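Participant: One structure coming up, written as structure tokens, with questions to follow.
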Amino acid sequence: MRSLYVRYFLFLLVTLSCSVSGFAKKIQVCHDCSIISIKQAIQQAEEGDTIVVKQGTYYENEILIDKSLTLLSEDASVDGQDKGEIFIVKADDVTIDGFTIVNVGTSYIKDFAAIRIRESKNFAVRNNIIRNLFFGIYLEKSKDGIVENNKIYGKAKNEFNSGNGIQLWYSNNVIIKSNYVEKVRDGIYLEFSNYCQIEDNVSQYNVRYGLHFMFSNHDVVKNCKYIHNGAGVAIMFSKYMTMTDNLFEDNWGSAAYGVLLKEVNDTEINYNTFKGNTTAINIEGSNRVTYLHNDFIGNGWAINSNGANYHNIVNYNNFSNNSFDLVYRGPLNHNNFDSNYWSGYTGYDLNKDGIGDVPYRPIKLFSYIVNKTPESIILLRSLFIDIIDFSEKVSPIFTPDNLVDNTPITKYIKHDKDR
Amino acid sequence: MLKILKYSFYDLIRSRWSYIYLLFYLLLGIVLLFLNSDIGKAIITLMNVIIVLVPLISTIFGVMYYYDSREFTELLLALPLKRSTIFFGQYLGVALSLSMSLIIGLGIPFLFYGLLASGVIINFLLLIVTGVFLTFIFSAFSYCIGLKNENKIKGFGYSILLWLFLAIIYDGVLLTVLIVFGEYPLENITLIGTILNPIDLSRILILLRLDISALLGYTGAVFKSFFGNGVGSIISFFILLLWVVFPLFLLRKFAKRKDF
């Protein structure tokens, strides 16, 4: 009788424990545990399990995650010993959270990444710190995921032997939020990736671009900071993009831009701040782009329009103390430069409606001279240059005479920041 | 020398012209700040003023004072004093009083406007320092011109010409050279060209702070190393110092040879 009870009890225990493990098991990895490597833990885990990696350094690479797992780290760091990729995800619903990942190998044939997510859905990469990397987080044909709060510290010096911080390739609907990337080739790079949201990221001291789009449409960039990059944001061959409330600062150099647009159509660039960049916006072959309520403060060149740009709208922006407000090539092509504030405006406003009574010509003759003989930049703000600029303003010969702001705003425009 | 300096200085401080000069700067500063809500923009306008007007006023004022105090100078020459002492003393008196007008005249309105709280204080100080340098350089030049020319009209003519040449014509010639010889590497020539003109040199010094982002847009290696790190500023300051010494050397030479 008694043995029957025991048997019954045991049966209950077994079924219970089975059902629990079927639900979600927690596997611990640490140096003194029965499982001492992440790979081993993944092998033993089943779909939906959580692997908790305890404090310590784990020398592992090519960690393949082919089940839906949650990997949590408690101060664990993974050292790839420069041998190649570290985490490779090939399953849906995978979370990688809180790891310090160091020493990704460098290869000129393969793009080794600290975390690679391949053909997966609903992934989350959070709170990781990646150092000494080739590529940081590489999303490949994946979608509906989030990359959040990661910090990536590269040491890139040249473009040709460095990788990107966060790279998306054919990955749609990804949220990239609150990440910090420094000193890599491109901070964040999107190729063929649509409907992505890029928010609150900081990208600085990157060798090439802070954020780079290629053939990507319908992406949103919001509240990001791009400081001291080769170019803040480069958008190429893309459509229907939105960029708002970003800061572009001190992107210095002979080919350094706040924003570089090449063949970009139907895009909105509003409420951004451009401060102290060599060129704030460089535009080439871009149509129907609107630039509203941006601040251009103390840049070398605020807008450099390189031709083949049609139907662009530049309204309600502040152009304050830039060395050159506008450089323009070719005919006007239905581009509109009305209703901006120009700190160089010297006209008057008799009826006091805040709109200057005399149209403003934002193009200086000297910008043409600098374009032809770059050394002459050293004569910037010289009295002689002011005199020739003035005479050109009075009777334009070299600059397109229909490129004017017909309704220049006389006071610095206060944008509605909490709209 | 100190006594002569003191005398000249007090003499100038009591003179009408110093007050006019001071008042002019005071007004300029107030108007600039009143018209521009933006202190950064005011500083850029101020830069143009300093680079153009300070040399002009210094030369004219210096020559004027030299001719004005001629009788006093002759009196001093009769005393057992070294010539260089007399002229250096007078020159320093002029330069110092002009610098003081500049500093006070521009300093007061900007201080009241909240210069200390704004982030442009370094730019402002740089402007003032360059202004003082230019005052010293150009009043020395004006004294040289005065010593060389007995004829007042000629003296004034030469000093205006000097200003016109260095402030405007020089840049025109430089630009023409750059455009005409555009196909040759011109970086070094451009840099040397600017160094040889104190007005251009002070302009570069200010540009290095205000327009560094534009200057770095140029690709050349020489420019880059000159503009890129602190080297450019240090070299410019050093050469500006040389520019103060050079006319003083001339002044000494002229004063020695001059037959009164």
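Quick reminder: no glycine exception, Cβ is built from N, Cα and C everywhere.
Since this is a predicted model, take the numbers as computed values, not measurements.
Annotations per TrEMBL:
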{"type": "TRANSMEM", "residues": "B:20-37", "note": "transmembrane segment"}
{"type": "TRANSMEM", "residues": "B:43-67", "note": "transmembrane segment"}
{"type": "TRANSMEM", "residues": "B:88-115", "note": "transmembrane segment"}
{"type": "TRANSMEM", "residues": "B:121-144", "note": "transmembrane segment"}
{"type": "TRANSMEM", "residues": "B:156-181", "note": "transmembrane segment"}
{"type": "TRANSMEM", "residues": "B:226-251", "note": "transmembrane segment"}
Participant: Which stretch from B:20-37, B:43-67, B:88-115 shares the most C-beta pairs under 8 Å with the transmembrane segment (B:156-181)?
Facilitator: B:43-67
Participant: Cβ under 8 Å, sequence separation of at least 6 from the ends of the transmembrane segment (B:20-37): give me the contacting residues as numbers and ranges.
Facilitator: 45-46, 49, 57, 61, 98, 101-102, 104-106, 108-110, 113
Participant: Same chain, outside the transmembrane segment (B:121-144) by at least 6, Cβ under 8 Å from its Cβ: which residues?
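Facilitator: Here the qualifying positions are 40, 43, 46-47, 50-51, 54-55, 58-63, 66, 87, 90-91, 94-95, 98-99, 102-103, 106-107, 110, 115, 159, 162-163, 198-199, 202, 205-206, 209-210, 240-241, 243-244, 247-248, 250-251, 254.
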